[in-house]
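Student: First the structure, which I've put down as structure tokens, then a few questions once you've had a look.
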């Protein structure tokens, strides 16, 4: 296997006790800041030199890197002066994706990864724009073409004085760094909404530093392009609340920002500043004005709510404010004042505020531990345990905050659902932040509580004005009475909660699309976790298509010497020469090479290196990371050509797709390809260059398979291209008259394994029936009468271990087997799937596939194949997941082979593979305030490069149950539970798994009810963060994988289970809980602009027939399929304008395309659907379902809130849960 | 002092018990190597599998011998483990040839720790029974 570097770590012997670090860190957080100050100020100071000198300086900066560039990575030649950075620069050239707007467009996949990275071999001329970067160059021309700039990618995004000037008017000179930065984002948003600025070249973090000042670490460009759409949405002032997960984004894009309101991320940000502002004075200055304004604004509302002292009110506002993790639902009854807020702008304002204070007041210590390790624990302990005055020395920024600060500890206790152990920042930030806020939801919640529990009033007054509401309570903890809340589903998609970290870390943290944890607040002890009754685990999507990814070539990849963790943004630099690992706390030396930052061309700023500025980076690995030379891309297609297969006609589609995409197959000049077909015998194809036509070799001895010729079965794609094309053209017709009905899949796989084992690579198996000959033959195990049985569902496990063993052998030889099952009958997917499960392959299933009778499946196969053939691929991969000492991983989910306790062996890795990991807490995490998780994926790219992609996620540790509930990521939790339930149903039984799912809800809600809320036990109360939990679990229970009572074919069920195991979270959520939109009245209100198209954003509807009206048309997005349901009396205008038929009756039963009509509503509908499609790799097939057509059951089975003959409706389910809890 | 069948049984089981102790130690080492990453589960599970069947059959042989020798107490002590072995052998889902240790599943931390615990318990059991057999052997030799 290929991971020497990933291999055994010596025991962590030289650990520095964390306390030591904490102590050092607390020094850093002290206002006087004497401790770490010297060196930290050092860096920024240098930077400041750049800034005042004005924008005029920039060209120089740009030129500097471009000068080095031509050296190309890895070529450590020439120019002695530059040698240190020459090898480094390849990191900057993530260029070709620049024009890509939607990250997942299939076409662009291959290019995306392979084109960047290496500079072209030749260009040593300074200033030439090398070929691969033309994309960048062209996008640069969107703005100003600046001929003077030698290297256009840089030009493109540092673009232009225009931005700066535009922006400098907004922000004062006092904090140039921020304004420079904000300017950039604004402009880019405005200038080309479609090419939103995340798609900037990877270089930007570095570039940024050139003109940013002290707070360079905080100011960073958005790393994730996939949200470009949303970001633009925001700047266009849509009524949609912004996805909270992208707050860092929004904060950076400064817009009008005169609106006053609260913002979640604003809170922590200011808080950070406060903590950080040793000077303090400036912060006060900055925040006070807002504060006063704010107060005056908010008071009227607030006083209604509570005629108590003003300070409590303040903090209650805060509670809402701090909660913005979940976008405020728009449908709340009480919508105070101007509260259809556009948090985006508000956020931005906060962002500006905060960063400006930061920048002007003091240097930002880069080592977060200096902040976190020191101040956090102090604060935590003080607020959690002792009423003693907080000795923490951070300055009180605003006078108003003085009274509030001590309160939480006192008053949170008496009533369960306070938020007693709030992060210090919340408390501090209270005053400055509740500024100007007519907060919608929080106020409402105040109302609600007030109304519901009048007793509270007395209680609170008896407490001397410390009312319940005054305890800061985040939105995510707002109790929701599930049985009374009718519209539990928010109008906009649910976003991942943002971990409650300080702003610096929040910005640095890994994108939730790649890395999510079910609990964004990690409980301190296993006991606490047990009390919460929530699953703890990670959801990974490590090889996701990224449009912006820093690639780093460097001689030494800096890693912890004891645990081999890669250096990441969350390590702390003790001084310039040493850094402390954030996973094992070992102190390591900073290597000499790391001291030099080639972009700033400065020495001694290790904390500004890209590795430390990005939580997702990719390293080009040296030969230390190889056990053998990187393998070429090798593809083998194993095709079923029995009668059944020829009948179904998939060969035509496959060969056509292959012919079209032959040049787009990822690979380099060494790429090899081969074909095998099988029925009762196995056919090989000799494609050796020089032959006049492909030669077919038949092996009929299936009991002892051998390869007819040693070589020339896998041939070089480019040398034998003509022969390959000939073969592909001939294949569909070669077997048309076959009468062979048997299928010797097992022997064919054995042959494929033999063929592949010298190199490894990818085997794509197309199978259309039960294998009936030779090794691995299977019998039909499905009893059709049992399909809708409510009791036992058998045969979910494999019937034979042949396929598993074969997969393990393949995995050992770095070969992955991908299965395409196109079958009209039962084919025992449960057994066949093993070949992909353990070899890290993927599984596609097309029930009742027929190329003419079932055109929608044929279309789906075609689209899937296109994606499949052209998407990125990594070979001979291993993935290691590390986590902070004290946590341990115990179960993995996905398609892979577990090589060791934390190492997954992946013969292939593809961008659509997701993984899940269950965690447990082995040692108490009392001595740390943060935990980190790191996945390192070591793979060989299709270009034969060894690369390591590293993601690092950082999460806070909490000690109170309320905080644990506040941080639940309900979607991640559901996906993890689904994975666990699949395991359970295979190892035990389906009904066990179903019970376990229901128990998960019952346990967690009853645990919440008994420990945290303490309110009414008669009502079903859930924290706001968990309010969707019962709904999602119900959806899971009605999912094909777990449903009972409804007729479900065994293969369908098993396929759903396979998908649950290997789909990444985003796709899985759509599969579990589809999105329903009403599309007959699309408007441009709140539309976003993507790629010069206007994309309407209709609100989400709940999945219930009550939302369907006969007059409407609805679109359901199930991830892999779209349904458009047309009501019986749907508006004829819609049918005519969008569907192209005069009336409802004339719409055909099977319709899979929307015609391109030149009407506004058609354009809107199509752009909306295209937008939905572009967001995912598997392009879903569209079905137009007429009301009354037989296909409507397909549609209606997804309406999970409704009652079916075999399952609860949502309300009944809630009652059932309530009953269980009361038991 | 007479050399009875029972005495012979104890002597034989003494020797075989030493082998079982060796097997148990071998298991422990194997799982420990797995845990510390030194070996791939595929490489490791195959030799472990090779030992499972001999272990089970040796232990069954004990029970049969003690049954024949009418050593009820000793038999009683061994019967629970015998049943456990039977359960283990027949309760492996689907793939009987893989026996207890399935390479893809064995790295699951729960499974691994279970296997380790099992190996330690068996080691303890075999060690104790080794001395018990020794004692019984001498006792039967002396008493009869």
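Using the three backbone atoms N, Cα and C, a Cβ is placed for every residue, glycine included.
Those TrEMBL annotations? Automatic predictions, nothing curated.
According to TrEMBL:
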| type | residues | note |
| --- | --- | --- |
| COMPBIAS | A:1-14 | compositional bias 'Low complexity' |
| COMPBIAS | A:21-48 | compositional bias 'Low complexity' |
| COMPBIAS | A:225-234 | compositional bias 'Polar residues' |
| COMPBIAS | A:339-353 | compositional bias 'Polar residues' |
| COMPBIAS | A:388-400 | compositional bias 'Pro residues' |
| DOMAIN | A:557-593 | domain 'Zinc finger Sec23/Sec24-type' |
| DOMAIN | A:630-869 | domain 'Sec23/Sec24 trunk' |
| DOMAIN | A:874-958 | domain 'Sec23/Sec24 beta-sandwich' |
| DOMAIN | A:969-1069 | domain 'Sec23/Sec24 helical' |
| DOMAIN | A:1096-1169 | domain 'Gelsolin-like' |
| REGION | A:1-75 | region 'Disordered' |
| REGION | A:218-254 | region 'Disordered' |
| REGION | A:316-419 | region 'Disordered' |
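In terms of burial and nearby residues, how do these features look in this structure?
Tutor: Secondary structure of the domain 'Zinc finger Sec23/Sec24-type' (A:557-593) per DSSP, as helix, strand and coil residue counts: 2 helix, 13 strand, 22 coil.
In terms of DSSP secondary structure, the domain 'Sec23/Sec24 beta-sandwich' (A:874-958) contains 0 helix, 60 strand, 25 coil.
For the domain 'Sec23/Sec24 helical' (A:969-1069), the model's pLDDT averages out at 88.
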Student: Using DSSP, how many residues in the domain 'Sec23/Sec24 helical' (A:969-1069) fall into helix, strand and coil?
Tutor: 72 helix, 3 strand, 26 coil
Student: Short question: most Cβ pairs under 8 Å with the domain 'Sec23/Sec24 beta-sandwich' (A:874-958), which of A:557-593, A:969-1069, A:1096-1169?
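Tutor: The stretch with the most close Cβ contacts to the domain 'Sec23/Sec24 beta-sandwich' (A:874-958) is A:557-593.
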Student: What is the three-state DSSP composition of the domain 'Gelsolin-like' (A:1096-1169), stated as helix, strand and coil residue counts?
Tutor: 24 helix, 14 strand, 36 coil
